[in-house]
Amino acid sequence: MKRDRLRDHIVLILGAILMMGPIIVAFTTSTFDPVEIHREGMKLGWGGNFLETYKEVLFQKGGFSGEVTGALMTMNSLILGIGFAVGKIVVSMLAAYAIVYFRFPLGSFFFWVIFSTLLLPLEVRILPSYEVVQQLGLLNTYTGLILPLIASATGTFYFRQFFRSVPDELLEAARIDGAGPLRFFIDFLVPLSRTMIAAIFIIMFVVGWNQYLWPILITTDEHYFTLVRGIKQVLQTYIGANIPDYNEALAMAILAMLPPGLVVIVFQRMFIKGLVESEK
Amino acid sequence: MTEKTLVLTDVVKRYPNGALAVDRVNVDVNAGELVVFVGPSGCGKSTLLRMVAGLETVTDGSIELAGRVVNDLEPAERDIAMVFQNYALYPHMSVRKNLSYGLKNRGLPADEINRRVEEAAEILEIGAFLDRKPSQLSGGQRQRVAMGRAIVRHPAIFLFDEPLSNLDARLRNRMRVEIRKLQRRLNTAMIYVTHDQVEAMTLADRIVVLNGGRVEQIGSPAEVYGDPASTFVASFIGAPPMNLIEVGIEAGRAMRDGVALPLPPSHDGALPAKAIWGLRPERARVGDDGNGIPFTIDVVEELGASRLLHGRIGGAEFTLQQDASAPPPSQATTLLIDPRDVHLFDAETGKAL
């Protein structure tokens, strides 16, 4: 028993080192001077440039217009991540509510239409999507960044499965207690699916945060750049004899990983609860 | 004439696929009366209850509650309160919120809601759990909360849909008594649906026996037990069920495999050639001196207070219930039967003759 536990821990620690290793090396390297990194490669240990590098990444105005800071990009990433996740949750909950609780003609047909869009990821429909957003004049807006992405077949499917597991008697008891369709949704389905919402929020936040292709297409104005895209921007200065700011790129990568990591850590209990148990 | 709380007139429920679930049912519930709908699963008893509640639409006929026709009213507008089989408590709300939710939706003032919740909590002795969630309660406590949610509404009629079937046997017996007491105390009409004939017999002022969507019989427990209107009622009410034997009527006697069975005294006259002869298991006695109807015993079941003797009269199966203090009879014995206890039913329709 005790030996088993020891063995389990060794396996877990090794796994953790394997998974965390690159991140730790990226972090330690980011505290070194760029010249030193260029000369000696990735480094373990403490370079002593931590404060300077991170301050510069966050607050130094840069970019073409000279107005873009890391903090602004973080803000943009947050707006995209949260808007993406919240939007997907709201839309898929409403869609699932309609599909499960209302009889309308071709209801299940529409569900399968929604479901089949799983076969059409963003990359497949990227040209028409761009065209639509462009014609609506939504290029270089947060709306254009978020709105075309928030329809979610996966989310709709999860919420549909969950709503179907809610016992009919609950709806009937609520009807007797005078709850109309809107009340039932707000007073019952939303609180009952809160662990579900948390789980989907985490997944969708990370997906939204890590969006790369779509923001590149939709935003050409630097004020809308996200962190993930900013990393590339830093390395693009590798022109001629310039040494790219490796330290800043790595610092930005670390910064870009922090919020999704925090979200997962904060919500992990609800996340696991939402995935494994279905509270009736 | 007593005041009627609920009047069902020719109520019909036909599903879109054509299945007839409830077929022209006429039932009244008097003020303060406890009426039990009983029948096997699929007999339409729950459908009928749900139609009264407004959860199922009415295909035909009228449902009149407290003097107004409620056919087309939403459940919340009907002045009813329902207790579901699985309680349907709101899992994310505390007991207090479970009780007050419906009142809040009705726009009652907060102090009135509080007063009613406290009152119900006191009646049901659930005051200690008002701030707990349903998942933290035992089965019996959940049952009480479900009843509390019904009580606070002060409805014209309570509708209970097999509320005890999720409890274990001991708790079920206790809750049954409590429901009866509660109904007496509140003096509010109640419809109670069950498939358990013991619950029906012990709770009801009147029993409505349903079969295949139709009413087989309406009457007090004593009437339904003592004077069943059909073989269905005779075999459904009472455990063990009534003995039913197909007989031929010859010259004023019921004959089965050459054995003569007594006929009820009121039926000496015109009888069909074939009939079904019925007798409650506890209504026969073992003859002590070899007189009576020959009875061969196959199996003996000791139940503690009583004893069941399963055997045959002629070729027909017959069960006799006797007091455990009586001496156990030998394998072949005779039965003494009082003709006044005998029931006769039509062989074709099963209706009482």
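Glycine is treated like the rest: Cβ placed from N, Cα and C.
Given the structure is predicted, the values throughout are model-derived calculations rather than measurements.
Distant neighbours of the transmembrane segment (A:12-32): 42-50, 53-54, 246-248, 250-251, 253-254, 257; these residues of the same chain sit at least 6 beyond its ends, with a Cβ under 8 Å from one of its Cβ atoms. The feature transmembrane segment is assigned by TrEMBL to A:12-32 (among others).
TrEMBL lists A:74-267 with the feature domain 'ABC transmembrane type-1'.
According to TrEMBL, the feature transmembrane segment maps to A:78-102 (among others).
Long-range neighbours of the transmembrane segment (A:109-130) within the same chain, counting only residues 6 or more positions beyond its ends whose Cβ lies under 8 Å from a Cβ of the stretch, are 95, 99, 148-149, 151, 153-154, 156-157, 160, 213-214, 217-218. Residues annotated as transmembrane segment in TrEMBL: A:109-130 (among others).
If you look up TrEMBL, you'll see A:142-163 (among others) marked as transmembrane segment. Within the chain, the transmembrane segment (A:142-163) has long-range Cβ neighbours (under 8 A, six or more residues past its boundaries) at 79-80, 83-84, 87-93, 95-97, 99-101, 111, 114-118, 122, 129, 132-133, 136, 189, 193, 196, 200, 204, 208, 211, 214-215, 218-219, 224, 278.
With a cut-off of 8 Å between Cβ atoms, the residues of this chain six or more beyond the transmembrane segment (A:184-207) that come close are 81-82, 84-86, 88-89, 92-93, 97, 101, 152, 155, 158-159, 162-163, 166, 170-171, 174-175, 260, 263-264, 267, 270-271, 273-275, 277, 279. The transmembrane segment annotation in TrEMBL covers A:184-207 (among others).
Residues annotated as transmembrane segment in TrEMBL: A:249-272 (among others).
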